[in-house]
Amino acid sequence: MRTAYSVETVRAAERELMARLPEGALMQRAAAGLAAACAGRLRRTRGGVYGARVVLLVGPGDNGGDALYAGARLARRGAAVTAVPMDPERTHPGGSAALRAAGGHLARAVPQRADLVLDGLLGIGGRGGLRPAAAALVERIPPGVPVVAVDLPSGVDADTGEVAGPAVTADVTVTFGAYKPGLLIDPGASRAGAVHLVDIGLELPSPQVEALQHADVAGLLPEPTATSDKYRRGVVGIVAGSAQYPGAAVLAVAGALRGGAGAVRYVGPAAEAVLARYPETLIGPGRVQAWVVGPGLGEGRAGEVAELLAGDAAVLVDADGLRGLDAAALRARSAPTLLTPHAGEAAALLGVSRESVEAGRLDAVRMLTQRYGAAVLLKGSTTLVASGGAAVRVNPTGTPWLATAGSGDVLSGLTGSLLAGGLSGADAGAVGAYLHGLAARRVGGPLLAQQVAEALPDAWQDTRHP
Ligand SMILES: NC(=O)C1=CN([C@@H]2O[C@H](COP(=O)(O)OP(=O)(O)OC[C@H]3O[C@@H](n4cnc5c(N)ncnc54)[C@H](OP(=O)(O)O)[C@@H]3O)[C@@H](O)[C@H]2O)[C@@H](O)CC1
Ligand SMILES: [K+]
């Protein structure tokens with residue numbers, strides 16, 4: 001499990017540790033880890049540190065201090081290091097002195113010839129969009145030169161991943177003590193590049209955000225045993241498709257058949273299309289452990305959604321099923337409920353604009369789970385899963401190719417199948433998104449939703465081999 005902590009949590013752990021250590025010790029740990037990561041990068045790109053031209057963008061706080069001390073370490077190994085302060089009057093004094101003593105120097109303009117740029121403008125102390133002095137330096141980063149962000153890319157909100165205005169786009173982010181949520185959630189995540197964690201000895205309580213990894217998923221997947229028959233493995237019911245959208249039913253069934261349930265039942269007007277493709281499907285009403293309702297339903301079917309929500313099986317509500325949901329009816333349920341909106345559907349459920357959901361995905365998913373009293377999977381460039389007050393799960397396996405017609409239908413079928421297998425709403429959502437992303441990565445390039453469904457069994461097996 002990869003875990004991420006809010007700024008408040010990191011600051012508290014930092015205070016507690018600092019009280020037990022000599023002054024400056026934590027910054028030295030951070031700088032040592034940062035310099036080692038930069039040296040590793042320079043070794044790979046140009047064979048070594050000696051003679052490398054390294055530019056430091058230095059902000060007024062400790063983030064700048066980290067960059068300066070790391071720069072001093074690189075200068076002692078023969079790099080030509082130039083630091084460009086954002087505000088020459090407010091630059092970490094100890095760090096500047098260390099850099100000068102190691103042979104580095106300070107400049108006012110960003111040199112355009114460089115082998116590596118360190119972004120030490122702002123770390124966890126950054127607030128709101130970059131001020132003009134910081135934005136001007138970011139604009140002057142020479143194109144094509146690798147950028148290492150110190151703790152997090154400047155301009156990215158550490159707690160939420162929000163980006164207001166200009167921000168650094170890094171190749172590598174060297175982060176200290178703990179991952180920050182903004183490094184795992186878009187738009188911040190796509191600014192961070194490869195994230196490298198330096199352990200500085202912080203002791204941390206439970207996380208605010210977490211990301212499953214192969215072993216976690218393998219541990220949650222329902223596996224049949226010698227004694228399980230198809231009914232014990234769970235039956236998932238799919239209420240999807242319409243005369244206008246029969247394909248959604250076929251794709252939801254395609255996902256459901258690969259989610260480990262013992263049987264898939266289909267209820268709706270697209271039975272012929274479903275059977276033609278998947279003769280193993282049961283047709284018509286009957287007992288299930290979990291329902292998936294919504295993909296391709298079209299208009300005027302809210303009654304079917306309400307009826308399933310009034311029952312005692314687990315329910316996953318997706319797409320058209322999400323229209324006009326009754327929060328009170330959802331809150332009254334005792335069986336697991338999972339909502340799987342994309343940003344537009346989430347915006348409608350919250351009564352806000354789509355843009356505000358896209359910009360603040362973490363807040364949006366937390367508000368949805370609170371308002372509707374259900375687990376919520378918010379689809380998008382980084383899919384998030386929230387349930388009650390538990391840590392929000394970020395899916396690490398997505399690919400931009402998944403933004404394709406029908407891919408959400410496969411996801412809802414797959415995830416419903418996991419619900420039928422006995423997973424909680426949050427676990428089914430996180431595991432479903434993980435396998436779906438992994439399957440899409442296996443397919444690669446421009447993909448069809450159908451191919452994602454077909455790659456699911458291999459993705460399932462992949463999680464057993466970390
Ligand atoms: N936590 C740990 O365990 C450890 C943390 N360490 C390091 O400390 C870093 C945190 O340092 P920090 O607290 O000094 O804050 P930092 O990020 O340098 O920025 C604050 C400065 O930026 C300014 N400023 C704010 N917003 C701005 C904006 N939008 N645009 C422009 N300016 C803006 C703000 O100005 P002010 O608001 O005061 O006018 C203030 O001067 C952390 O990320 C990590 O690198 C490690 O050394 C050791 C272990
Ligand atoms: K930074």
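Each residue, glycine too, has its Cβ placed from N, Cα and C.
In the record from TrEMBL, residues N63, S154 bind K(+); the candidate from D115, D119, D186 listed for the same site is D119. TrEMBL lists K379, G380, S381, T382, T383 as AMP-binding residues, and of the candidates G360, G406, G408 the one it assigns to that same site is G408. Every protein chain considered, the tally of other Cβ atoms within 10 Å of the Cβ of N63 (K(+) binding site) stands at 27. Under 6 Å, Cβ to nearest atom of ligand 1: this is the test, and of the binding-site residues D62, G380, T382, T383, G408 it is passed by D62.
Here the C-alpha separation of H342 ((6S)-NADPHX binding site) and S381 (AMP binding site) works out to 10 Å.
A Cβ within 8 Å of the Cβ centre of N63, D119, S154, the residues given for K(+), is found for these other residues of the same chain: L57, G59, G64, A67, G120, L121, L122, G123, G126, A149, V150, D151, L152, P153, V168. Most Cβ neighbours within 10 Å among the binding-site residues R127, H342, K379: this distinction goes to K379. Among the binding-site residues D119, S154, G408, the residues whose Cβ sits under 6 Å from any atom of ligand 2 are D119, S154. Mean model confidence for the domain 'YjeF C-terminal' (213-463) is a pLDDT of 96.
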